[in-house]
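S.K.: Dumping what TrEMBL says about this protein:
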- 310-331: region 'Disordered' (REGION)
- 319-331: compositional bias 'Polar residues' (COMPBIAS)
- 556-591: domain 'EF-hand' (DOMAIN)
- 640-675: domain 'EF-hand' (DOMAIN)
- 680-715: domain 'EF-hand' (DOMAIN)
Amino acid sequence: MHALVSLCYTPLAMKAAVLIQRWYRQYVARVEMRRRYTWNIFQSMEYAGEQDQIKLYNFLGYLMDNFTPSSTERNLISHIFRENEVCRDAEWERYFSYENIDVPEIYSGPRLTFPLTVSQVADLVEAFKNKQQLHSRYVLQLLLEAWKLLRILPNVNRVSTCQSKEITICGDLHGQLEDLLFIFYKNGMPSLETPYVFNGDFVDRGKDSIEILLILFAFLLVYPGDVHLNRGNHEDHIINLRYGFTKEVLGKYKLHGKRILKLLQKIFSWIPLATIIDQRVLIVHGGISNTTDLALLMRIDRHRYVSALRPPKKKSPLSGGQSSVDSEFDNDSVSNLSVYNKRRSSVAHGNNLFGPRDSFQRRSLQDFSAVVNRMAAEEEQEVKQRQTGAGLHQTGFMHPHHRDLNSSIASQSDHIDAVDVDDEEWKQILDLLWSDPMSQNGCLSNELRGGGCYWGPDVTEDFLNRHNLQLIIRSHECKQEGYEFCHNRKVLTIFSASNYYEVGSNRGAYIRLGPDLVPYFIQYQASDMTRELSLKQSVGRTERSALKALREQLFVHKTDLISAFQEYDKDNTGLISLNDWATAVGAVLHLDVPWRMLRSQLISLSPDNMLDYQSWFKELAIKEPNVECVEQTILETLYRHRSTLETIFRIVDTDNSGTISFEDFRQTWKLLATYLKMEISDEAISDLLVSIDSNNDGNIDIEEFMEAFRLVDRNRLERGRSVFVPRDKPLDDES
């Protein structure tokens, strides 16, 4: 009887199991679809930001090369281009001296003595884990020691597994100390038995970049043969201006932050470019191109590339030997006669990233072409005047070491002629730091990021065969699982910053590589919060964060979107179709986002499947600051180009005080207007000044200004939350 009942119920049980499996597969497919489009949103915005930063740097470089030396615009930005001088190391070491910095008795953080010991480094890690800060004297001392060591390292590290069972390889950390500490907890700290390769992008975006650098450099000093560093594209002071590292250092080290940043510029340029394990595995940060040549990379003077975004200038034989250090206290100490060199408009394999702004370049070149000779004569005369002046325009106390630097400026030659370095050499480094793999064959310019290239499986195969290698390990791209193979498993991406876009957005991972050279992966999510969330909660949380960022982008492009919608709404009905909406939005925002798939998340259609686009902007739930007196054009510009504007502010704030004068504020807006090819009147800028200078002191606090014009999500006003929530302040848990 029991057997009969079992037989009767078996078909029902099977049918139920099939239904459950079908439901579960559909559920997993829906969740995966949400994860993918959320990922698309975050990644598209990230790459668009990088492209904007490269465009801005190219534009500023163009101004440097073509504006007269005495022009206000050139003086405002010249200091970020004083980076490629051939300097005497002894002069730099005097400038970076820590000996005049006293450590007060009340300081309770780590006290370092050199040479460092293992126990000291362990104490340093523990101190950072407990949110303690290293005193600036020890920061400079540690960085100087690291700089000395890095200068004797080759461009390409050579590592062997025969001296240890396994080598650990870490990808991007991006200032997320929690991830580095988790790796050390699971895998052990660097040692003779546990060697590490850290594959670049140690800084930016996260809030603990300087702590990560200090830990890595400390271990490098203790275990120089067992800790290996590769440079990433974010080990670049131009990128740091936009993505937070500059701001972090100046905030944590207000008194000596400027010297620390200048020293880090030098250090970044000396970090090796690649690592090879057992002559068979190449580790680079970004990737390769069809012209990558390891033999050439090994010969390059890597320290000349303080920023990989702009090829350095070298002195011609007329310049007569080495130049001296450009003093941080001079507004424009000595600048090259770069007017003879036409500015490159792109760092992406010859493509013009200025787009429609190239008309501005042509117009400006015509304006300046008639006075090139006069510019050269004025520049040469200005150099002579500086040499005879021997004094710098800095008031207050100046340390003797700084006076030494200033006086050495006078030794420079009258004839300073800028000569381009080999373009092929520069592209080798650019490709190494910025490139990404693609699925199709060939090698294309990386237009999404704005630098480097996309390379295909055929390029990988050819490169590995030419150099007798079997695997390329790279980083540079966030992956949902922390790692990803491509190109027939011959290219491996490793990314070690978990929860990169949002809590739950991705796992971090690191690799253990033994003598068999078969990668073994360890995945993790360092945040405790991720362990408390279900899959549905985690995906929902990340999705909401991405959609909020996307809604803000839609809102700040309101004027352009309305113009685009009206092209489809010839009868001025205020209504457009879904297809027209998706086409217009894609054309205006230039983001690689599946707009039609996101329809239900972003818009509400009428019963006849039409969108009332005027009402739609109100539904985006974005609240603007209460600034009636400010011209709408300026507000939209501020919202849309917020990061670019803040970057220019950081550049103009040459003394890193966090404040700029009214005149510098005006010049910042004029630079931005020229860059964007738009008109902003003096009256509009004056109205903006009046609205924000509440204490009438004649200065603008950069932080307060940017915060005053932050767009806010209406749904979170009662909790005072911004659309863009700081990484260290998690969103409320919503299921």
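Yeah, the Cβs are placed from backbone N, Cα and C, and that goes for glycine too.
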S.K.: Can you tell me the mean pLDDT for the domain 'EF-hand' (556-591)?
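M.R.: Result for the domain 'EF-hand' (556-591): average pLDDT 90.
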S.K.: By DSSP, how many residues in the domain 'EF-hand' (640-675) are helix, how many strand, and how many coil?
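M.R.: Each residue of the domain 'EF-hand' (640-675) counted once, the result is 26 helix, 3 strand, 7 coil.
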S.K.: Using DSSP, tally how many residues of the domain 'EF-hand' (556-591) sit in helix, strand and coil.
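M.R.: Breakdown, helix to coil: 24 helix, 3 strand, 9 coil.
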S.K.: When you scan the chain for residues with a C-beta under 8 Å from the domain 'EF-hand' (640-675), skipping those not six or more beyond its ends, what do you find?
M.R.: 49, 52-53, 56, 59-60, 63, 72-73, 76-77, 79-80, 241-242, 246-247, 250, 257-258, 331, 357, 360, 556-557, 634, 682, 685, 688-689, 693, 698-703, 705-706, 709
